[in-house]
Amino acid sequence: MAEPPLALAHVKENKVWKCAFAVVGIMSTLVIYGVLQEKIMRVPYGENKEYFKYSLFLVFCNRILTSAVSGAIMLASKKSLDPAAPIYKYCGVSISNILTTTCQYEALKYVSFPVQTLAKCAKMIPVMVWSTLIMQKRYNGKDYLFAVLVTVGCSLFILYPASTDISPYNTERESTVWGVLLMIGYLGFDGFTSTFQDKLFKGYDMEIHNQIFYTTTCSCLLSLTGLIVQGHLISAVDFMFRHQDCFYDVAILSTVATASQFFISYTIRTFGALTFATIMTTRQLVSILLSCAWFSHPLSWIQWIGAAVVFGALYTKSFFKSKRRKPWNGLDANSASNNS
């Protein structure tokens, strides 16, 4: 029996509001996250123009808040706190995730946020490589074509910057070689993290909050250990005591990073990977334009071509996938908890 027109209209309106909620949530949290990330790592604090150098401390702050919130949600919903998989497997995800995020923060010392953001779009190739090695997945010619186009666009964007950079915050801190090496590390570790997460979800009866809780708890312990071993914990805390605006930046960064995790989970669960991937692609574009305006990053005409190639390829891929009504082979959905 067919649904009455009023009921169908109500369902459609409900879906529109839910989609709007997801879009606003993801866009607002991750765009704020991106701007704060660049501000903390690239803009000096105080009269003496001191730079915040402790990227592992940011990882620790982000993960401890996410761990606390996910644990509270599991307790409030009366779900079991028992690990669904062996702890060492959560630690595997955690280690690669820490390396991913650390490379991401460190890269901001050497390349601008627009360069880093666009380079993230090239994560399809490492994900495809890791998925083939770990999950024995197979991809068709179109998947490889789009991945190559995105990588070419990213390469143009990175290799042909504007001849002058009028930003007052990056004097003597630019190094494309180090920045590119760190971004390659980011892409490689991120591809492994998302693929291994996918393997855990498929291999165990595991809810998203369970994986987030144990992965971030392991990350807290590992990043705290790293800070103590490096002798950076006291220095980072002292820096924030001396620069209260840095403390507020880090607190807001951790809050929006945590909020974004749950908006991402909600979007994938409600609308699927395709909608999430389209929102994330749009977010990358908005983040780049906002960063260019906020931090005065001029773009060369070749960089505009590179950006057009990247986003054109990604949106064309979304179009073809929507016509075929199939998921994205996990290329974007798997990265749900790695975008911060």
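Each residue, glycine too, has its Cβ placed from N, Cα and C.
Just so it is clear, the model here is predicted, and its values are computed rather than measured.
What TrEMBL says about this one:
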- 16-36: transmembrane segment (TRANSMEM)
- 56-76: transmembrane segment (TRANSMEM)
- 144-163: transmembrane segment (TRANSMEM)
- 175-192: transmembrane segment (TRANSMEM)
- 212-235: transmembrane segment (TRANSMEM)
- 247-266: transmembrane segment (TRANSMEM)
- 302-320: transmembrane segment (TRANSMEM)
*Output the single range from 16-36, 56-76, 175-192, 212-235, 302-320 maximising the number of Cβ pairs under 8 Å to the transmembrane segment (247-266).*
16-36
*asked:* At a C-beta cut-off of under 8 Å, are there same-chain residues at least 6 beyond the transmembrane segment (56-76) that contact it? List them, or none.
replied: 40, 98, 101-102, 105, 209-210, 212-213, 216-217, 219-220, 223-224, 226-227, 230, 232-233, 236, 250-251, 253-255, 257-258, 261-262, 340
